[in-house]
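*Asks:* My questions all concern the structure below.
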Amino acid sequence: MNKIIDICKFIILAFLLTFIMGIPSLFIGFYQGLYDAGTGINLSVLETNQFLMIVELMGGIMLPLFLLATYKQNKQELDIVMPFSKEKRLSKYILGYTLGLVLLLTIWSISVYFSGFQITMVWSMSNFRLLILFFLGYGFQGMAEEIVCRGYLQGRLMKITQKRVAIIISALFFSFMHATNDGITLMALISLFLFGIFTGIIRSYTNDLWTVGAFHSAWNFMQGPVLGVSVSGNSNQALILESKDTPNKVFFNGGLFGLEGSGLTVIIFIIVITLVLFIGKKRRKYK
């Protein structure tokens, strides 16, 4: 009974941590409300303005700063909720980023092959500044979500329950974090759950967040600004290519939610998770 209470407590605390990442969004929404009320002009365009998207993404930096301040006197606790090993951190980050780019590009390429998207080139040198800002923004945002789910929640749960249970709960939490996003479907929730399972397994293998944080950041950056696909229902980020989904190819493109909501992504993640578990089992047997 006490274990169940602790699990519920950590889930609630993880949920509260997500609000810290969302503080910039709250200010933007507050400003929009005041402007609408004062002028009668609807600023719903702010929701798709790329600079404001970047501000929201940059809000991810607030989470690690908050946790560093909270646990500055207790390094042991900090290592549980925000494990960042100093060994090979650059190589781990590069590995994770490369995996994210390659896996997302593979899924997108298969989708394009089966006519899931119509592709348009939208790149111009005037987009370069935005591209760099999105790169940084998704670097913060992807890492922040991993700190909440695979750092704080999974880290806490692994101390009180089995590792596989901790991974499943953190993956479910990650999935339902996106439950109110535009275009959400059951397939999208399953895909996000499998994304969480995959990153949870990698986090348990590496014992830190460098690889999964980089993977998550690369996944979103490649999906939105580079390929022009909706990122978990958030559109209007295309800076190099624009991928317009084909209406009758939802299995391959995920509809309004983007590639993460596609049946193709679900299948690919099942294959990748199986492969990672097989490799992990072989390595443990070898050791």
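Cβ coordinates are placed from backbone N, Cα and C, and glycine is handled just like the others.
What TrEMBL says about a protein is an automatic prediction, not a curated fact.
Annotated transmembrane segment per TrEMBL: 7-31, 51-71, 92-114, 161-178, 184-202, 209-231, 251-279, in sequence order. Sequence annotations record features per position, and here TrEMBL assigns domain 'CAAX prenyl protease 2/Lysostaphin resistance protein A-like' to 130-222.
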*Asks:* Ranking 92-114, 161-178, 184-202, 209-231 by the number of C-beta pairs under 8 Å to the transmembrane segment (251-279), which range is first?
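*Replies:* The listed stretch sharing the most Cβ pairs with the transmembrane segment (251-279) is 184-202.
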*Asks:* Can you give the mean pLDDT for the domain 'CAAX prenyl protease 2/Lysostaphin resistance protein A-like' (130-222), rounded to a whole number?
*Replies:* 96
*Asks:* Please work out the helix, strand and coil residue numbers for the domain 'CAAX prenyl protease 2/Lysostaphin resistance protein A-like' (130-222) from the DSSP assignment.
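*Replies:* Its residues divide into 78 helix, 0 strand, 15 coil.
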*Asks:* Using a Cβ-Cβ cut-off of under 8 Å, list the residues of the same chain that are 6+ residues beyond the ends of the transmembrane segment (209-231) and lie near it.
*Replies:* 82-85, 89, 92-101, 103-105, 108, 117, 120, 122, 130-131, 134-135, 138-139, 141-143, 145-147, 150-151, 182-183, 199, 202-203, 237-243, 253-254, 256-260
*Asks:* Using a Cβ cut-off under 8 Å, which residues of the same chain at least 6 positions beyond either end of the transmembrane segment (161-178) come close to it?
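*Replies:* Hits for the transmembrane segment (161-178): 3, 7, 11, 14-15, 18, 145, 149-150, 153-154, 184, 188-190, 192-197, 200-201, 204, 232-233.
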*Asks:* So which residues does the transmembrane segment (92-114) touch in its own chain, when a touch means Cβ under 8 Å and the partner is 6 or more beyond its ends?
*Replies:* 85, 202, 206, 208, 210-219, 222-223, 227, 229, 243, 249, 252-253, 259, 262, 264-265, 268, 272
